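Notes follow the structure.
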Amino acid sequence: MGVSGSKGQKLFVSVLQRLLSERGLHVKESSAIEFYQFLIKVSPWFPEEGGLNLQDWKRVGREMKRYAAEHGTDSIPKQAYPIWLQLREILTEQSDLVLLSAEAKSVTEEELEEGLTGLLSTSSQEKTYGTRGTAYAEIDTEVDKLSEHIYDEPYEEKEKADKNEEKDHVRKIKKVVQRKENSEGKRKEKDSKAFLATDWNDDDLSPEDWDDLEEQAAHYHDDDELILPVKRKVVKKKPQALRRKPLPPVGFAGAMAEAREKGDLTFTFPVVFMGESDEDDTPVWEPLPLKTLKELQSAVRTMGPSAPYTLQVVDMVASQWLTPSDWHQTARATLSPGDYVLWRTEYEEKSKEMVQKAAGKRKGKVSLDMLLGTGQFLSPSSQIKLSKDVLKDVTTNAVLAWRAIPPPGVKKTVLAGLKQGNEESYETFISRLEEAVYRMMPRGEGSDILIKQLAWENANSLCQDLIRPIRKTGTIQDYIRACLDASPAVVQGMAYAAAMRGQKYSTFVKQTYGGGKGGQGAEGPVCFSCGKTGHIRKDCKDEKGSKRAPPGLCPRCKKGYHWKSECKSKFDKDGNPLPPLETNAENSKNLVKGQSPSPAQKGDGVKGSGLNPEAPPFTIHDLPRGTPGSAGLDLSSQKDLILSLEDGVSLVPTLVKGTLPEGTTGLIIGRSSNYKKGLEVLPGVIDSDFQGEIKVMVKAAKNAVIIHKGERIAQLLLLPYLKLPNPVIKEERGSEGFGSTSHVHWVQEISDSRPMLHIYLNGRRFLGLLDTGADKTCIAGRDWPANWPIHQTESSLQGLGMACGVARSSQPLRWQHEDKSGIIHPFVIPTLPFTLWGRDIMKDIKVRLMTDSPDDSQDLMIGAIESNLFADQISWKSDQPVWLNQWPLKQEKLQALQQLVTEQLQLGHLEESNSPWNTPVFVIKKKSGKWRLLQDLRAVNATMHDMGALQPGLPSPVAVPKGWEIIIIDLQDCFFNIKLHPEDCKRFAFSVPSPNFKRPYQRFQWKVLPQGMKNSPTLCQKFVDKAILTVRDKYQDSYIVHYMDDILLAHPSRSIVDEILTSMIQALNKHGLVVSTEKIQKYDNLKYLGTHIQGDSVSYQKLQIRTDKLRTLNDFQKLLGNINWIRPFLKLTTGELKPLFEILNGDSNPISTRKLTPEACKALQLMNERLSTARVKRLDLSQPWSLCILKTEYTPTACLWQDGVVEWIHLPHISPKVITPYDIFCTQLIIKGRHRSKELFSKDPDYIVVPYTKVQFDLLLQEKEDWPISLLGFLGEVHFHLPKDPLLTFTLQTAIIFPHMTSTTPLEKGIVIFTDGSANGRSVTYIQGREPIIKENTQNTAQQAEIVAVITAFEEVSQPFNLYTDSKYVTGLFPEIETATLSPRTKIYTELKHLQRLIHKRQEKFYIGHIRGHTGLPGPLAQGNAYADSLTRILTALESAQESHALHHQNAAALRFQFHITREQAREIVKLCPNCPDWGHAPQLGVNPRGLKPRVLWQMDVTHVSEFGKLKYVHVTVDTYSHFTFATARTGEATKDVLQHLAQSFAYMGIPQKIKTDNAPAYVSRSIQEFLARWKISHVTGIPYNPQGQAIVERTHQNIKAQLNKLQKAGKYYTPHHLLAHALFVLNHVNMDNQGHTAAERHWGPISADPKPMVMWKDLLTGSWKGPDVLITAGRGYACVFPQDAETPIWVPDRFIRPFTERKEATPTPGTAEKTPPRDEKDQQESPKNESSPHQREDGLATSAGVDLRSGGGP
């Protein structure tokens, strides 16, 4: 129904009365309400899920029938059957009437009346739609509500029609209904028998007449709006019904009505196409049942779109004829947006596939637009005209697309919410569970496992108790049998039965329901006699066949043969009295043994015992202890009880009443044995003023638990409490419930008896007295084992008396008391009457002292309770253990180590260890003769993160306000009183070695902050700061300074500072820190952090400077470090200490020798004098103070001033800059002084005094950016006059703090000077009108040479001058150098210092200007500078050649021609080069050329350079005439690589006429041939496998590789391309031939026009000599001649040419290598036998006898 509660009841009753009244039946409202309540009881789902439709109503009937079978017909109201029968008949007639939607909201009275009027009558809507108008009205309403749910945007309701018109329609509708009833007659009332005999599965409906559905459907369809699909049905036309004006509908129906009034609305809602007859295909529209759509939407939402049940609903929808628009709207309305996109995509893909497959078979019958509803079939009105075959294809694709949606998995939320109700039968729950699971996943093993799991998890607690014993072994059928008669009474009864039989509840249930039949277990029935399975008691053989054996001799009296339990003797056989016979539960063998009862309490045997309220109550003093060592008093139950889980918390009576002893409170806790049997005792607190009966709160932890009377179930612990001054709500608690009483502690009352305690030492038990006055544990001599070693001590123990002859244990002893243990080193006293346990062991046992006074007891506890506070945990870089072996120690040091370790163990600073960490320890002897234990923690320190310094500097006492009272306290052994975090202790372990490995090393670890750990100071500071934080908060107007273990307290009032001291000591003690009372300093004459506070002045403690041990650099560094430490209290300037600082210059070796200079001795004497009078003042924060910058020599000095010096501020001796002007030092002091003022007083000084005039100060602000920065944010005043005090008069002696000799503009009558310097050490000073002054020093750098030139100018010229230099460094020295402080760290310190002295001696001004060099500009200044610059050059041609060769490694000819040096010098440079001689002498260029001019013939090949890696394939092209070379490094030698190389070669070298290569595949490929043909280049190849044909390029390979190796050894190259480019540059543009021409010049230069010589040459074919002819070219091994009668030249070996001369003695022609004709006999006899001329070629080359001679003549 969707409406629950009172509104739902009211609505149902109204509908029920209205329906029955239309049939002439009247039902009372009380009867209707009774029926509705019974309906909810039988069908609890009806109010939320059901509706008044035939299907739901039949379901109600089935459940009513089941209810009658289970509870009887008498349990059903008398009016239930008749009402149900009447409503069933009404619903059968009206079929799908849906009154209340599952989505309905709460309704008002008006909505109720309106809904009833429109839904229960034959409304005007029926007249609009025909006789089936009610069904259409339901569709309208349900569509509206469902659309609201889907789209979350309900349609706007139209305004309701006029009320009078509405009443008129209602009246007409009632008349129609009345006529219908008269025609059908009255329905007779059915009795209960007819109800029970009803066929519940009869779902047939009586046929009804339909109106003209086509017209009505046309009114309810809109082409532009489809919300939900309905079905259309093809039927024969029926007579058109009478139409009347309808009531104004609401919701979606209103929107449809409005659309109908506007025009043709063919599709107001989607339809399906159902053909009942093939005779008439006229479509008639019928709405698709909304219940089906709701079911589909619910299944998708709860189970997923691909669940089996969901697919069944989809198949049901697909059984109708739906258009594409219908399917789209259905999917969009029910699927999620993501799933809808998936469905739409799949639908479109499958439609396309179907159209492609049917292209040949059904051509023209189906198209993609038809299946998708696009194009001309876009509108729904056009889609209804589709044939059934097309609609069948649409449905097939839609269902396949739906099934293709991936499954989202099991809806866990749905199954998790499906739980068994408290009153629901288990079999009903299993039925619902199986239905839900099978809807989500198919039947199978997986679904069965899920059902069994949920059958246990989602069952109610009662069924879970019944199922639990058989959960793993039983089946679903076993679960159902176990829960068949489930009820709390059954569970409790079974628990009682299990308890009576002595069985566990689970065992009993397993035997009863564990899979057997008839309520028996799997092993059969259980015998109540022996407890075994498989038989019952009457068949038990043990009971029938066995008899009890006769008793033996009584173990009690030993006088007769009877059972001990039957013994009645009062005396034994010897006449001794016997104790009473015990008859408690432990002696009963028939009872199950449980927790043993308490000892007999008073009242156990009195009248009424625990059940009689008249029994006298017990008091606390009547309660017994279980054992002598019991901590609590036993509380026993005074009543037999059986508890189950359903009982919850129960109160067990004890008959013990308050009040508790004075000053105590009670804590009730359970016994551990109770939990084993399933009894849980809830703890409770009993106040001391509680007077009622003490009861124990218990509950059963599992199933049933039996508590016997007298059984101990809890303990009452009596504890003392601290009474705090908290507000009291009531005066006395009286007999009210439990509560709390304040802080609770364990206690043992002090009595006349001595407080003795047993403690184990090394496993041996000792009894001793707890002595709070004993510092150390003392063992009585009679208790000390004789075999335990001891040694005598020189000390004596003092107490009330004095004990002499005291011995001490030679080894530490391990003590143990309960769960606590430790190490002690006790004393042994022979005369001691008993052992004394001292505070060294009591503090580890956690002994407390308490008194009745809250104040006293809290004070005692503060002193007695050991603090559990630890230092912060250290952050570690790694958890990897560090183990460094312990090195051996000498005997003396080993003994000292053992003694120190023993002492630290006694003090609790060490503990034994098994840590995987270990670092060495050692001892050193102090000056006092005592030994000190040290641990090398450097390795451990390296594994921890540095915590940093919490206090980067020392607190200064000058910041303590002037006039305040001061107290200073010191903490004793601060590190050793702060515990390490327990997680960190293991990392500080060490080992104590043993000589000769006589025993295993003893291992210990620190429990406190170890010395030497780098974070110990930080942890100490944090811990102490945390301890005193409460005091800081309490006394916020005080001044508290804490640094490490020193604490300073200050306050204007002496009484308050004393109060602060008391609070501070208490706070420190509370954290385990101890104050040295003897070191507390008060009020005046105080020593704090090396200073002496006396009144308002502060001085440094007396310091004696020893000079007798100042020998090394390290000694002087320590001395100056100490001086810097005390300088804030000394009027000692940096200039006065400069001689001491200068001693540090020189060798940086710490042990290098140093000596005191006379100046340094004077500085030390001055410092001693100043130390005796050094005083500073404490500041008054209420008065202003100043920062004074003092004009002192070397660097300025500053001080904070307030009627005296508060603190001196100095600058470092050495500035980080080489030259720092004096005014910059002043800005540094201002910044440092302001920072120090804020650091000490949290405030800027009120005034700043500068050592300049107002004019100078303004100029500095304008010219120097450092000055505005130093005053940034300063809100005080700047003054220019120091305070008038004799202390500051020394500053007036210093002069020259502002430059005055350097002019900022050129001087009008100044002499012009030019200076320059070079890196070769030559400096030039050119003074106008004089000869240049040149100085050379090869050790000088360029800067030194420049400065030497300037120094020369200052030495030579005393008149005003204008100096010009092209050095920016020199001009940057001025004017700062005039007042600057020079850093001695620079190498030019001497030159700069000399220059500064010369400036200070001058009487005339000078100007220093900068001029750019090497500009070539006209003018006297540029020419003068160029002249000076030229004088610095001394580089020779030979040096230039050497530098060039070092860079390029060119040949000797290139060096000779380029730098004009001799042949021998050039060859010597090449010979001395470390890289070039490895490759031999380079041959002369021009070897074996073949082209007669550039770009005629090229040779190309590939060589491999392995050093290039992936780019090892180097493609090389060389011009055979000029030897111009080009190469590229590539990743391969394929065709594409050759093409790219050729393209780059053309851009680099031009276009050749011919290219010659070898026969490599890439060179003979078609792509290469086509490429060369396009460029009109001829291509030839040599003889295969004959490298001589490529001799030139092969030689080029060697040249390239040789040049690459030279360059690679000499320099650094980033890429192979970089290196190759440099090599090509050298080969083409640097190397030269003997004529001084480079390859580039030969390649691109003009062809030489020199006359060619005439020669005689020998024809190789005929052997005859010919000529004279012109010699074109010649070289070693070759020659080219051009016969006068030939068209092309001919190549011949050079030995076959002879110079042609007129005379015999003619000089050979140059270029013929001075060859002479052969003089052998053979040559002289040769004659021209064959006169034929050599073969001619068209390319300007020649061959002889068909042989290509170009391949001949290698290098």
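The backbone N, Cα and C atoms fix where each Cβ goes, and this holds for glycine too.
Taken straight from Swiss-Prot:
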- D970, D1045, D1046: Mg(2+) 1 binding site (BINDING)
- 766-841: domain 'Peptidase A2' (DOMAIN)
- 905-1093: domain 'Reverse transcriptase' (DOMAIN)
- 151-191: region 'Disordered' (REGION)
- 572-631: region 'Disordered' (REGION)
- 1699-1755: region 'Disordered' (REGION)
- 305-308: motif 'PTAP/PSAP motif' (MOTIF)
- 525-542: zinc finger (ZN_FING)
- 552-569: zinc finger (ZN_FING)
- 1436-1477: zinc finger (ZN_FING)
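Non-local neighbourhood of D1045 (Mg(2+) 1 binding site): D970, L971, C974, C1020, V1024, each in the same chain, at least six residues away, with C-beta under 8 Å from its C-beta. Mean predicted confidence for the zinc finger (525-542): the pLDDT average there is 64.
Excluding D970, D1045, D1046, which define the Mg(2+) 1 site, the same chain contributes I969, L971, C974, Y1043, M1044, I1047, S1076, K1079 within 8 Å (Cβ to the Cβ centroid), listed in sequence order. Of all Cβ atoms in the protein chains displayed, 18 besides its own lie within 10 Å of the Cβ of D1046 (Mg(2+) 1 binding site). Sequence-remote contacts of a segment are chain residues at least 6 beyond its ends whose Cβ falls under 8 Å from one of its Cβ atoms, and for the motif 'PTAP/PSAP motif' (305-308) they are 299, 335, 339, 402-403, 405-408, 438-442. According to DSSP, D1045 (Mg(2+) 1 binding site) is assigned to coil rather than to any helix or strand. Mapped onto three states, the DSSP output places D970 (Mg(2+) 1 binding site) in strand. In terms of DSSP helix, strand and coil, the domain 'Peptidase A2' (766-841) has 3 helix, 34 strand, 39 coil.
Neighbour count (other Cβ atoms within 10 Å of the Cβ, all protein chains): 17 for D970 (Mg(2+) 1 binding site).
For the zinc finger (552-569), residue counts in helix, strand and coil come to 3 helix, 2 strand, 13 coil, using DSSP. Each residue in the motif 'PTAP/PSAP motif' (305-308) gets a DSSP state, and the totals come to 1 helix, 0 strand, 3 coil. In the zinc finger (1436-1477), the DSSP tally of helix, strand and coil residues is 32 helix, 0 strand, 10 coil.
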